[in-house]
Each structure stands twice: as C-alpha cells, then as structure tokens.
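A.B. asks: The annotation L-glutamate binding site is assigned in TrEMBL to 87, 89, 94, 257, 300. According to TrEMBL, the feature disulfide bond maps to 318-373. Per TrEMBL, domain 'Ionotropic glutamate receptor C-terminal' is recorded for 7-367. According to TrEMBL, the feature domain 'Ionotropic glutamate receptor L-glutamate and glycine-binding' maps to 17-78. What TrEMBL lists as site 'Crucial to convey clamshell closure to channel opening' is 236. The transmembrane segment annotation in TrEMBL covers 129-151, 394-414.
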C-alpha cells in the first residue's frame with residue numbers, strides 16, 4: 001500500500017463545514033466535517049492513520065518579508081506537521097515555501113453584506129424625477145410666467161388685435177390678456193374657465209399645456225410604480241461602493257489569504273480598505289452579529305453561500321447579500337511541506353474524487369439552501385411585491401402640508417400686524 005501505515009500529523013483550523021471541533025472538558029477534542037470525511041476515504045486508499053493538531057495561532061497563514069510564516073502554512077514550512085487541511089487559496093508566495101495538492105475546487109472572494117432592505121424615505125414623492133428635471137421645471141415655469149407677464153403688459157399697452165378675454169368685464173377695470181395663474185393651473189391639471197383669444201396667448205398656453213401633460217404623466221406613472229412595487233436600493237456592489245457609502249464597516253478573517261492581499265496590495269483602493277478594516281476569527285461565527293450590527297465581511301463565496309444556506313434553513317428568510325464585484329479568484333487545495341513525498345500519493349486520489357464529482361456534490365449539498373437567496377433583494381420567494389403605505393412611507397407629503405400650514409399662519413399674523421400698523 002502507498003504509505004504503509006504511516007501516521008500523519010495533520011494541521012487544521014475550524015471552518016464550517018470543512019472542519020469543526022468539539023472540545024472536551026479534559027482538553028481533548030473531536031473533529032468532523034467534509035474534509036474529515038475525505039481524509040477517512042483517503043486513509044483507506046493510501047493506508048495511513050492520522051491525528052489532527054490545531055493551528056498554533058489560529059491563522060491560516062501569512063508570509064512575512066523575512067520568510068517566516070504564521071498559522072498552518074508556517075507549521076508546514078517548519079515541517080511541524082505532515083500536511084494541513086485548509087483548504088488553502090493557491091498563492092504564488094505560499095507556493096515558494098510549501099507544496100499544494102491538486103486543487104479541490106475553484107472559488108472567488110468578494111463582499112458579504114447584510115441584505116439591503118426597503119428604507120422609508122421622506123423625500124420619496126420627489127424621487128420620480130431627477131433633481132435636474134425639477135430645476136428645469138422651475139426654470140420653465142418662471143420663464144413662462146415672465147413671458148406671459150410681458151405679453152400681458154405689451155398687449156395692454158399696444159392694444160394688440162384679438163388680445164382680449166371673453167369675460168374681461170368680470171375682472172373690473174383691469175383687463176388681463178394672459179393670466180399668470182394659468183401656468184400653475186395647467187401644471188396641476190386644473191380647469192381654466194378663461195382662455196386667451198390672441199394667437200400669441202394660445203401658442204404660449206398650448207405649448208405649456210403639452211409640456212405639463214408630458215411631465216405630469218411621467219411623474220404620476222413613475223410615482224405609482226414606486227409606491228406599488230418599491231425598489232430596494234443596493235448601496236454596495238464593489239469595494240469602491242463600500243468606501244463611498246460610508247455607513248457599513250467591513251472586516252476580514254484574520255490570518256487568511258485576503259488578509260495578506262490587503263496588507264501587500266499597493267493600489268489606492270486596497271490601501272483605503274485596509275486602513276479601516278477590523279478583523280474577525282471566522283465569518284461563520286460572526287453571522288448573527290453581522291446581521292445585528294450590520295457590517296460587511298470580505299471572504300470567499302463558498303463561506304457566503306454556506307452562511308446563507310444555514311440561516312435560511314433556520315429562519316426561512318434571506319438576511320444576507322453577495323456583492324457583484326469579484327475581488328479575486330483562486331484554486332483551493334491541501335498544503336504539504338516543501339518536497340514532501342506524500343504529496344504525489346494524495347494528488348492521485350484528490351484528482352479521482354474531483355473528477356468523479358464527489359467534491360462538488362458534497363459542496364453543493366452543504367449550501368443547497370443558498371439558492372433561494374441568490375437573487376436581488378426583495379425578489380426572493382415569499383417577499384412582498386407590494387405593501388400598505390404607512391404614514392412614514394408618505395411622511396414627506398405630510399411634512400410639506402405641515403410646512404404650508406406654518407407658513408400660512410405666519411403670513412396671517414404678518415397681515416394682521418401690517419393692518420394694525422396702518423390703523
């Protein structure tokens with residue numbers, strides 16, 4: 001047989017579902033997980049026994065400028081163990097001091113976040129139109145009223161033909177050829193009882209009616225859709241978004257490959273991310289605190305899916321979101337001391353397990369529930385596509401009303417004050 005009953009020391013750190021530890025009161029511990037199942041299969045094929053030792057410092061492995069290494073990578077480098085389970089990201093810098101097995105699977109690293117929820121926005125009633133459109137509308141309204149006032153003045157002064165109203169007697173001694181309130185009435189879809197008879201007035205009012213019809217129809221349609229089916233804004237889909245948004249702190253699993261990547265990368269965005277990062281031991285251990293405190297974790301996609309699957313199985317809800325940006329990708333493999341003779345023996349059977357589909361099948365089974373949550377926010381099964389609007393949902397409108405009431409009271413008091421002064 002290949003290893004002839006050799007006993008191997010195997011380094012491991014807890015990573016659900018690959019390796020889990022059950023500590024006993026006497027200081028010993030038991031191990032379980034996907035990689036332990038793989039090791040049980042491999043020991044039968046290669047004829048070896050093994051015992052597990054925990055990572056000396058809890059890290060996976062970082063390599064420093066002096067050539068020393070931490071974690072399980074360091075244990076392999078110093079030949080304190082015969083192999084380390086990991087699985088580890090295959091990095092060139094690591095490959096200079098340790099050997100990798102054939103890779104088990106490919107994975108990517110990204111941003112894992114609490115799932116964005118629909119937030120109440122007091123300014124929602126102005127959201128159908130961009131601020132540039134609101135500004136343009138105000139400019140058009142003022143310009144139309146100014147042109148109307150100018151036309152009214154010149155028509156009265158020059159006594160232009162057909163510049164009259166059918167009901168001008170109802171206005172007393174002053175004749176209005178173009179009423180400024182027509183601009184506001186048309187915009188608010190109110191009826192107009194007096195119409196201009198002159199060609200100039202009709203062109204001016206008709207043009208404004210067309211513009212108002214288009215803008216008001218667009219506003220009403222978009223507002224209706226926003227209120228009926230609210231859209232959830234996803235504030236973070238990339239590292240740059242994470243920096244720009246500024247409301248979500250972020251973390252990295254201590255001693256992992258992405259920890260080393262951020263420490264060594266020279267680009268500005270990575271430097272900014274690294275300057276504000278805090279470290280956690282395990283993304284799986286932080287899954288509940290992540291929901292409550294609402295912070296992000298930069299980690300591997302499989303861990304994200306595993307957390308999603310576990311949480312969905314317990315709560316029936318989708319509480320997490322995977323950002324679109326992929327930070328980087330890597331193969332995942334076992335680690336061995338440099339030049340170890342057992343690496344080739346493991347490679348043969350690792351390749352066989354991978355090609356048979358066993359590895360992918362076990363990985364998929366461990367995170368099968370995540371599929372329900374790998375959709376945009378509020379599109380998961382069971383999500384409400386519409387909701388009853390509350391006072392808070394339309395709070396901006398009520399604030400406008402309150403502002404109008406306060407303004408009217410102020411104007412009333414001012415009018416009273418002016419009248420008293422005249423008396």
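Just so you know, glycine gets a Cβ as well, placed from its N, Cα and C.
Note that TrEMBL annotation is computational and uncurated.
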A.B. asks: DSSP helix, strand and coil counts for the domain 'Ionotropic glutamate receptor L-glutamate and glycine-binding' (17-78)?
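C.D. replies: Secondary-structure composition of the domain 'Ionotropic glutamate receptor L-glutamate and glycine-binding' (17-78): 20 helix, 18 strand, 24 coil.
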A.B. asks: Taking Cα atoms as reference points, rank the binding-site residues 87, 89, 94, 257, 300 by distance from residue 318 (disulfide bond) and give the first.
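C.D. replies: Spatially nearest to residue 318 (disulfide bond) by Cα position is 300.
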A.B. asks: Among the recorded positions 87, 94, 373, which residue has the largest number of other Cβ atoms within 10 Å of its own Cβ?
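C.D. replies: Per the Cβ count within 10 Å, the most buried is 87.
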A.B. asks: Given the L-glutamate binding site residues 87, 89, 94, 257, 300 in the record, what is the largest Cα to Cα distance, rounded to whole Å?
C.D. replies: 18
A.B. asks: Using a Cβ cut-off of under 8 Å, list the residues of the same chain at least 6 residues beyond the transmembrane segment (129-151) that approach it.
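C.D. replies: Answer is 177-180, 182-184, 187, 200-201, 204, 208, 211, 215, 218-219, 222.
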A.B. asks: Can you work out the mean pLDDT of the predicted model over the domain 'Ionotropic glutamate receptor C-terminal' (7-367)?
C.D. replies: 85
A.B. asks: Cα-Cα, whole number of Å: residue 94 (L-glutamate binding site) versus residue 236 (site 'Crucial to convey clamshell closure to channel opening')?
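C.D. replies: Given the Cα positions, residue 94 (L-glutamate binding site) is 31 Å from residue 236 (site 'Crucial to convey clamshell closure to channel opening').
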A.B. asks: Around residue 236 (site 'Crucial to convey clamshell closure to channel opening'), how many other CB atoms lie within 10 A of its CB?
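C.D. replies: Its Cβ has 22 other Cβ atoms within 10 Å.
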A.B. asks: How many whole Å apart are the CA atoms of residue 89 (L-glutamate binding site) and residue 373 (disulfide bond)?
C.D. replies: 26
